């Protein structure tokens, strides 16, 4: 009887041979993996109760009964576990044996179907066939969650690691390739479930919560000329009760359940790390009760020593009902992380790099200027090309917005040059936040924020460092926008009350720059703009497509982090609105800025030229010559950019040798069309989009995509805690205007300038929330994958791309050595500055934690 069953299952072919394989998988919850392993292996020989089946699909032998698609092998089932690959705490992976029947006619397998008859999902990492006769090893990279088969409308299929352009796909695999893409696209209807793998687009209509009152209504971003925006992933949640155009939100406590395609969800380690961050966001709801934690004035730091106690001595937590309730609701290990306790109930943060060597160097003019080149937002500064600076705002709506800075304000600081001479010698630069803020400033200043729109002029000195010349602070005219602005110009001083006023002027600039950094440089220009590329790549490029294989690592965790951001960070009354000066207008402002977003300008050389800090120069190593030679972000960035471009050029050139091959690639053309017309659909008619008609356009576009996702994001993200973890250095909010002579505030500024400074910038409780946020965002998880690394060494079978990738990795190692060398060069004063913080944000690799270095492959935090 058993023999008959076995014969039936294996087909009973006398000429069949056995092909052994290894399956690597992990259960959904590492902690109960042992249970799954026992259930899979303990009954493996119970023929009628086997739970996971595999069927190979031939790439050479057709099945006439199946529309001439590749023939399926007989089902094979998991055998005894072979070994556990990693420790339990790191996400245990277990290898199982599997044995297939095979014959000569079947040839080389190109894909396989898996069916999960178990009651729960598991993570399938890979299948390796050890020795297919006449073909050797065949490897399938899977990295996918497989749910019980009842959850799927079609079979789960995985392809071997041999890439194919659509026209080169073996005929017997083409239908499988096409059907898999159809599955991933879905039909645009219905609410998405946890097991779904569907990628689709939607507008940002889920940031507000109109069901909770008018104060929680937020502008829909995307789908309009007034507020254009990149698209996000569709969840299919129902509309709100009060506004059918707004998508309903899920409860805060279920934030981590927000839908993204299943394989886009964080891995075990990443989710564990992010859960801690989610818990921190809950603290915002109990902040009003936390003032009992502090001595002195409630919600105020009384001195810089008060601030420093956050990092050095710590703050004693009260053993009251609030603390007990919090610790009862949260596991001990998470409360330790959440509240930075050491077992003694002490709230303490790591010392930020900017105050590690010196507690006061951050206040120097040199450091203030240096951070525009090597800080957390080194992508804004531009060369001054007209004096006085002129506004591009419509004078009909906003009146005269041109700068009131005159030559008299600055010429005594130009080392003997006139303004014209300094400009002609490329010596004058500007940090300009004026035009962005003015249209919103009147509304922003009706909130707790009281701030200005700023312009900062800087002079490039002979030693390569910048010195600030003047700061202009502007407010909308009290009589109306059409009357322009009222402005005041401040110049450097180190004497008396004028010195304190200058420190405050720099603080207002830092507030402007901090908000622009979080809103534009970070969220919009990396997180938001890359998500449509993630969606389009999965919808239009098969996993068999070489460009899918090229780009896939650079999309890891992006949809999940963005979905969580919509849920707890950038939503109405979320952490972002609670900690930045733009408050509830923040995201709407980013939509206005997106109007000027140009994809080709995101390429680093193009960006540097556009900002006037570099000029095109074919004789220079990277095709551009920097006008600020000691510009750490640009110097290191150009090295990274060139390495990425060389790698992408080698890779794409292997698959595309002519324009014709680009044009006839139907998947590639559909991908680019969808990106333009849907993913970034509000900008579909822009003339600057590459046509995707030549290999060079493909190379340039892929290089830019990888740059945005990896190095650009690293440069603007992982410096947050090193520089903004000490809030006085980069305050996120200013709460009162510059003190005027004759007022009590002015007298306080004269008598106690430090206290006046601290009463102007971010309040104590906001500081705690803000520091907690940037600490989490600046940390690398222990499972991070960095530029030049891959999750699997067998990500492709093609040898030449593997060799090119190896060269890319070696080039990045060389760049690391060059960065270390430059940081040790005392002549390059901007590399470390007065705070002695070497520039390492574009150092390719890192270990886990708060390191201030490392370029992850993707926008993953």
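Note: Cβ is positioned from N, Cα and C throughout, glycine not excepted.
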Among 380, 381, 861 - the residue Swiss-Prot places in the same Fe cation site as 522, 527, 713, 717: 861
Swiss-Prot annotation (region 'Disordered') - matching range among 164-191, 192-219, 220-247, 248-275: 220-247
Where residue 861 (Fe cation binding site) falls in three-state DSSP terms: coil
Surrounding residues of the region 'Disordered' (220-247) on its own chain - C-beta under 8 Å, 6+ positions past either end: 188-192, 198-211, 258-261, 264, 528-529, 531-532, 534-535, 559, 562-563, 566, 587-588, 590-592, 594-595, 678-683
Densest Cβ neighbourhood among 522, 527, 713 (binding-site residues), 10 Å radius: 713
Residue 717 (Fe cation binding site) CB neighbourhood, other CB atoms within 10 A: 23
Nonlocal residues around residue 861 (Fe cation binding site), in sequence order (Cβ under 8 Å, 6 or more apart): 557, 561, 717, 776, 777, 779, 780, 781
Secondary structure tally of the region 'Disordered' (220-247) (DSSP, helix then strand then coil): 0 helix, 5 strand, 23 coil
